[in-house]
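Listed in TrEMBL:
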ACT_SITE  395  active site, nucleophile
BINDING   275, 276, 277, 278, 279, 280, 281, 297, 323, 342  S-adenosyl-L-methionine binding site
COMPBIAS  8-20  compositional bias 'Low complexity'
DOMAIN    187-442  domain 'SAM-dependent MTase RsmB/NOP-type'
REGION    1-20  region 'Disordered'
């Protein structure tokens, strides 16, 4: 049985355009969390990144913000699930984006907390009262109760739909199957999981074992996952981390920490981090060696994050907002000993941290990214001194952005030699990354 709308689309749309009344929901209620999550999800559906959309919660109390963020992340990770259910329970598309997003968030909660089903429905209806002057309260109630009646049949149908069962777009699954026929399901499973919280210990300031002891003193458990990386048993607020504000540690995935180690900076070298924001890899390079670092990023608003990160670590570099391809606008003519080219990419290897990528990315984007990556490689290569190195890095799992990109570059640049390659497929301990270390022979 399908649910009919409580009001006509025209009437509902006109009512939703009026200024919202002050929210009557308790700040710590599930209804408030569902309402806030719906606003974030609707912004992502409209094309904003999840990071951008979450700024809409900046004025909310910390506890409400955290609960809403958890709901938004969980809902978006379950790509296709909410849409699949609503397509079968609604006669036509909803004219109100936030109401649709509210339904998706409530369905996610019902799927993950079935023991609280009727409380979830009640709270979702209360949240609907804050949207479109309450015009969709009856609809929300009817859809969710209808879902509960049809839940078993819907679960069977979802399991039979590849896109919904795997929680990834069909084109994405097709590419993974071709590239990784023996392990694509493991890659998908990691992409649907919650990521760990991994720290990078600043060896300039504290030994790894000593920092682990400091964590134990405050009741936090962690284990070493290689190099400078410690993976916490569970995520915590950075305020809970001993010495975070003083630069003893940073938050950085273990796979991302491989970049600085592979490049291997040496004291006194002149190094370029060509796409530096938010500054994690720049900070790591400076922690390893006393280098002369130039950090660029095309987004001027993000260079502030680089500066803030370096300031917290007590490190310094020249930070500039510039397109690394426009070398005539920022390069002083002096070659670099090493360049880190952490290029723009599909971010398909970090989708568990950024589930909005499943919604925002299109298959045609892969070709666009590949062209951009090739342009960056070709523009930066002349800036490497003879004998110098360039590290090409992506957080993608798609071969077109990784090995195929480097193979084509080596054909175009006969003076380039590949020294090393690391392909890190996503797993529990780290996200997905690709690294290719190149040396200029002449």
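From the backbone N, Cα and C atoms, a Cβ is placed for every residue, glycine too.
All TrEMBL annotations are machine predictions without curation.
Here the features listed in TrEMBL are placed on the structure.
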residue: 275; record: S-adenosyl-L-methionine binding site; Cβ neighbours (10 Å): 22
residue: 277; record: S-adenosyl-L-methionine binding site; Cβ neighbours (10 Å): 24
residue: 279; record: S-adenosyl-L-methionine binding site; Cβ neighbours (10 Å): 28
residue: 281; record: S-adenosyl-L-methionine binding site; Cβ neighbours (10 Å): 25
residue: 323; record: S-adenosyl-L-methionine binding site; Cβ neighbours (10 Å): 16
residue: 395; record: active site, nucleophile; Cβ neighbours (10 Å): 25
### Query
Along the domain 'SAM-dependent MTase RsmB/NOP-type' (187-442), what average pLDDT does this model show?
98
#### Entry: Nearest-integer angstrom distance between the alpha carbons (Cα) of residue 395 (active site, nucleophile) and residue 275 (S-adenosyl-L-methionine binding site)
13
